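Peer 1: So TrEMBL says this about it:
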type	residues	note
DOMAIN	51-530	domain 'Major facilitator superfamily (MFS) profile'
TRANSMEM	49-76	transmembrane segment
TRANSMEM	96-115	transmembrane segment
TRANSMEM	127-146	transmembrane segment
TRANSMEM	190-217	transmembrane segment
TRANSMEM	240-258	transmembrane segment
TRANSMEM	372-389	transmembrane segment
TRANSMEM	395-414	transmembrane segment
TRANSMEM	426-445	transmembrane segment
TRANSMEM	465-486	transmembrane segment
TRANSMEM	507-525	transmembrane segment
Amino acid sequence: MFSNNLSIFAEAFGSEREGEQKERLVLMGKEQVEVLNALDVAKTQWYHFTAIIVAGMGFFTDAYDLFCISLVTKLLGRIYYHVDGDAKPGSLPPNVSAAVNGVAFIGTLSGQLFFGWLGDKMGRKKVYGMTLMLMVVASIASGLSFGRDAKTVMTTLCFFRFWLGFGIGGDYPLSATIMSEYSNKKTRGAFIAAVFAMQGFGILAGGVFAIIMSSIFKAQFDSPPYEVDPLGSTVPQADYLWRIILIVGALPAAMTYYSRLKMPETARYTALVAKNMEQAAADMSKVMQMEIRAEPKKEDEKKSFGLFSKEFMSRHGLHLLGTTSTWFLLDIAFYSQNLFQKDIFSAIGWIPPAKTMNAIEEVFRIARAQTLIALCSTVPGYWFTVAFIDIIGRFAIQLMGFFFMTVFMFALAIPYDHWTLKENRIGFVVIYSLTFFFANFGPNATTFVVPAEIFPARFRSTCHGISSASGKLGAIVGSFGFLYLAQNQDPRKTDAGYPAGIGVRNSLLVLGVVNILGFICTFMVPEAKGRSLEEISGEQEEEV
């Protein structure tokens, strides 16, 4: 299909005549991605950047919606679980806290599997708008969770956050697949990683917005600390604060909904899966603003093998095992790190004891701490990956990330008693931040990129959905398994409602071992740098 568009290729690079370019492409065989290479580097072309923004805003919303709940869980506890006469402010019971935080993960896992499969059956474009609209509606509904008593509000909040997660889950395989199929082989990794990197800005935006809103509420509805006036420390208007923070997550998604509807189906899906060369040529002509002739349909096509068939398992079984296992192990370590934030924030004085603050001030302090961590380690890590992924490759970045995460986990765990001393707190925070940095300049980004590159077009969205769902399963293990595991070994020193665990130090040692396993499993994943999607997936050997 794309071999007829050699003039575009020559125009973009300006280094070869059309005849020379045609001869080179014929020698290279059936590499339909060549025209995408030409358009990718042509600076006059704007659609690649539009695709990054449109797909990236979905991930911006994903991160905002998933992480903003951690900013308001303390507030929910104060509002709905206050106990008269208690020395400490109300907090969410363990089962309620697990439900509020975990139900979105369960929804995400389900959405990744369902929409990943649907994206290969119905096409990327048709399903893309569904996921975004579901996110918009569920974000608004989460903030409007009705009821006055704790049980009703938490039940409706969990219900709507499940569907929010379901929509977010669909965004993973579809955004990655669409971006990979629009990109060229030279900068494809950076473009897909840039979409994923918008998560960092989403986390940052959630923190900044919470800071602004809590500052406004504090100025308007100031109240005494809990230890001075337990009941008066949580003003009635605080119930609006958490709702506003959740609802605003719908805005960036709604702003890009129309743009998603206007995006044409990817040419690879139309040509390789739907087998409609004429439509693929028409879509690409519109996007590139160039005339592209359709490639004649082949009559001697081979029979395609199916997903999980013997042929699929022999070609891609090890790859799928590699992408699922590495994402699973990475998310155990990545999401469990959030467990230690409260200890770190308290240790360095970013968050004083809860009883010394009113409800709104506590939201402000938590948001400020999360924003600083995001600004100093999370966001830079994402964009280091964007900058270097097409230079040093996915494989090297993933190995490096797992290696340094292991090193820093052990550096925190082995001398843990040393880090608990007041004079060593800053060092603890630096090392803790570096684990986040190398997670993002490492496997947290590459596990998202690689599954969108190494599988055939007809399975690409499904396999990415399976890989990302495996990661979300790891997130559930990391967030909730380690929530219990990291409890103090002394039952008298555990958090309210939790049994004794193995302690923070031993939990960090376990996470170090998890990272070592991630390092080993990386060797099952092939390097995709500088290769076309059809070359990587083996589709050049099949029908094209």
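Numbers run from 1 along the shown chain.
Placed from the backbone N, Cα and C atoms, the Cβ positions cover glycine too.
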Peer 1: How about the transmembrane segment (127-146) with the transmembrane segment (465-486) - do they touch, taking at least 3 C-beta pairs under 8 Å (6 or more apart in sequence) as contact?
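Peer 2: No, these stretches are not in contact.
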Peer 1: Under 8 Å, at least three CB pairs between the transmembrane segment (426-445) and the transmembrane segment (372-389) (pairs 6 or more apart)?
Peer 2: yes
Peer 1: Select the range from 49-76, 190-217, 240-258, 395-414 that forms the most Cβ-Cβ pairs under 8 Å with the transmembrane segment (372-389).
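Peer 2: When the Cβ pairs under 8 Å are tallied, 190-217 comes out ahead.
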Peer 1: Could you check whether the transmembrane segment (465-486) packs against the transmembrane segment (190-217) - three or more CB pairs closer than 8 Å, residues at least 6 apart in sequence?
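Peer 2: Checked: the transmembrane segment (465-486) vs the transmembrane segment (190-217), no contact.
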Peer 1: Looking at the domain 'Major facilitator superfamily (MFS) profile' (51-530) alone, can you tell me the average pLDDT?
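Peer 2: In the predicted model, the domain 'Major facilitator superfamily (MFS) profile' (51-530) has a mean pLDDT of 85.
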Peer 1: Near the transmembrane segment (240-258), which residues from the same chain, at least 6 beyond its ends, have a CB less than 8 A from one of its CBs?
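Peer 2: Here the qualifying positions are 53-54, 57-58, 60-61, 64-65, 68-69, 71-72, 75-76, 79, 129, 132-133, 135-137, 139-140, 142-145, 206, 209-210, 213-214, 217, 360, 363.
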Peer 1: Who are the long-range neighbours of the transmembrane segment (190-217) in its own chain, taking Cβ under 8 Å and residues 6 or more past its ends?
Peer 2: 48, 51-52, 55-57, 59-64, 67-68, 71-72, 175-176, 179-180, 182-183, 237-238, 240-241, 244-245, 248-249, 360-361, 363-364, 366-368, 370-371, 374-375, 378-379, 381-383, 385-387, 389-390, 440, 445, 448-449, 452-453
